[in-house]
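The S-adenosyl-L-methionine binding site annotation in TrEMBL covers 114, 115, 116, 117, 135, 181. Sequence annotations record features per position, and here TrEMBL assigns region 'Disordered' to 254-288. The compositional bias 'Polar residues' feature in TrEMBL is assigned to 267-284.
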């Protein structure tokens with residue numbers, strides 16, 4: 001199993017996603033003799049998982065069933081163990097596009113955190129690109145290395161445990177893009193500029209506070225970056241549901257004469273006509289916004305290294 005090379009069957013050592021529903025899923029490491037407990041009963045790895053196809057419907061010991069899914073960066077973002085606050089697919093998709101990432105790109109990232117964005121970047125730049133990611137916290141860096149190796153993407157990523165604001169990324173003039181998710185990104189702009197290729201490149205900084213954005217933009221201008229702009233994404237999900245609405249009876253009259261004759265009718269006739277406007281119901285599909293939605297997550301500041 002690899003997060004970049006998909007295969008059909010489940011093998012020992014794989015990380016699989018147990019899918020109980022859209023709001024209920026979790027990762028599991030497949031092992032001979034292993035057991036996983038769910039609300040529908042026990043899943044026995046040796047008989048229920050190993051050798052089965054990804055996407056299979058597996059019956060648990062209590063008679064309920066679950067789906068076993070192949071891991072992807074999107075599913076991993078929803079199920080990973082949180083060591084820090086993470087970026088979700090809404091922001092990740094814009095970052096990937098605005099940094100112009102593609103297979104073969106070289107990317108520098110700080111900090112690694114829980115690895116949500118890292119997995120998405122690796123999938124995008126594979127098979128010939130490389131990710132250099134810097135994490136200040138030693139235990140988080142060690143755990144990230146362990147996960148990358150377990151997910152068979154370790155050859156595409158280099159993890160370093162150091163302070164990017166003081167020591168940089170450890171490489172120069174090699175990266176196509178730089179991503180910063182640190183408390184004081186303005187202190188790392190100089191290192192980001194030196195790590196980008198001489199012919200230019202893109203940079204992105206994620207900050208939750210507008211004061212951080214202001215200081216970062218000033219630092220970008222001081223170091224000669226161009227096309228500086230800041231974006232914020234607010235995701236609003238609509239629930240599609242079936243609703244029942246009354247169908248009005250508009251009458252059988254045609255043209256103004258019929259309408260005029262109707263207007264001359266007695267009050268009792270007019271009341272009966274009004275009562276007939278709502279006869280029968282019809283079902284329609286409707287998009288209904290939720291009463292609450294996820295609001296502000298952070299600001300994404302993008303800029304381009306100037307050649308002049």
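Here the Cβ of each residue, glycine as well, is placed from N, Cα and C on the backbone.
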Among 114, 115, 116, 117, 135, 181, the record's S-adenosyl-L-methionine binders - longest CA distance, Å: 13
Other same-chain residues whose Cβ falls within 8 Å of the Cβ centroid of 114, 115, 116, 117, 135, 181, the recorded S-adenosyl-L-methionine site, in sequence order: 84, 86, 87, 109, 111, 112, 113, 118, 133, 144
Among 135, 181, the one of these binding-site residues whose Cβ has the fewest neighbouring Cβ atoms within 10 Å: 181
Cβ-Cβ neighbours of residue 116 (S-adenosyl-L-methionine binding site) (radius 10 Å): 24
Residue with minimal Cβ packing [other Cβ atoms within 10 Å] among the binding-site residues 114, 117: 114
Proximal but sequence-remote residues of the same chain as residue 115 (S-adenosyl-L-methionine binding site) (Cβ under 8 Å, at least 6 apart): 76, 80, 144, 147, 148
